[in-house]
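Peer 1: Heads up, here are the entries from TrEMBL:
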TRANSMEM  6-27  transmembrane segment
TRANSMEM  39-59  transmembrane segment
TRANSMEM  79-97  transmembrane segment
TRANSMEM  104-127  transmembrane segment
TRANSMEM  133-150  transmembrane segment
TRANSMEM  200-224  transmembrane segment
TRANSMEM  230-251  transmembrane segment
TRANSMEM  263-283  transmembrane segment
TRANSMEM  289-308  transmembrane segment
Amino acid sequence: MIGDYSLFEAGLFMGIVALSLWTDLKAHTRDEAVSVRSAALWSGFWILLAFAFSGYVGATHGWGDASLFLTGYILEKSLSVDNLFVIMAIFSSFCIKDAFQHRVLYYGILGALALRLVFVAAGSTLVMIGGKYVLGFFGLFVLWSAYKMWKETGGDDGEIEDYTDHFSVRWTKKFFPVHPFMKGHDFFTRENGRLHATPLFLCLVCVEIADVMFAFDSVPAVIAVTQKPFLVYTSNIFAILGLRSLYFLLAAAKRYLCHLEKAVIGILVFIGLKMLVDVAGIVHISPQVSLTVVSTLLAFGIIGSYMFPEPLPAAEHADRCTTPDSGQGD
């Protein structure tokens, strides 16, 4: 048993994840850019899969648990948008072609499956040991995350961080010699009989580290919604599964999501305050109310971004990624 959930249900969940990932891999065997239409269809598939799973949870464990799952899912999905913008910057730094981005994201998701399990297990164990004190700390931490995001909003000076000199890249270079150019979609290549990492592998390392940093904010936020480890992990993973297709949609419609970050800040403030008043015994906010508030704030962010989009940005760093020495070829 995993709390209120059986090992059979855990196995069912893992089976769904494995089958879905296998289907996704078979559908994207060629190195080609993911079209907006394909990304939209796959996004719809992942969202329907998550809602179908919530229906199973509701039918077998009550609609309160289903509401907790959906709240965690929507929260994780909303928070991940900021992480996807970081991934866009990583791809830009390494000049990764659109045709190879899905491969990096796919293997990045595989790493995230294991890493999130570690984070959820650690967070749930802390809650079991520390009880309300840990939950109160998580509530304050979520509010701090909202404050930090608010401070960063509008603070962009126009410069994009160069991830080719990221600490994770420097660390990786201590273990692998690095080939200066891309070798198709390969993460490694052999030169003079010696294994070399390619820039695509360095990009993958950066994406994995970005997800680890993101998990420090997102996992406590979802635990603030529900302390049931099964719901925390499954809502996280279902949200992560759809990140690849969501990434390509965001890349195409970035200017129409310019106010989404403000909605995410509002969601974090609500979740943090909800946890604090619940721990203090002031008031208990039901899962259904939490789901309604989170969904409403997210909808306001999307609608507001569509009504008041950002102006089209000027092309940046195009010269660096289109030079003959960019190394995108084999």
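Each Cβ is built from the backbone N, Cα and C atoms, and glycine gets one as well.
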Peer 1: As a test: from 6-27, 79-97, 200-224, pick the stretch that has the greatest number of Cβ pairs under 8 Å with the transmembrane segment (104-127).
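Peer 2: It is 200-224 that shares the most Cβ pairs under 8 Å with the transmembrane segment (104-127).
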Peer 1: Taking contact to mean three or more C-beta pairs under 8 angstroms, with sequence separation of 6 or more, is the transmembrane segment (200-224) in contact with the transmembrane segment (263-283)?
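Peer 2: Contact criterion met.
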Peer 1: By a Cβ-Cβ criterion of under 8 Å, what residues six or more beyond either terminus of the transmembrane segment (133-150) are in contact with it?
Peer 2: 82, 123, 126-127, 217, 220-221, 223-224, 227, 261, 264-265, 268-269, 271-276, 278-280
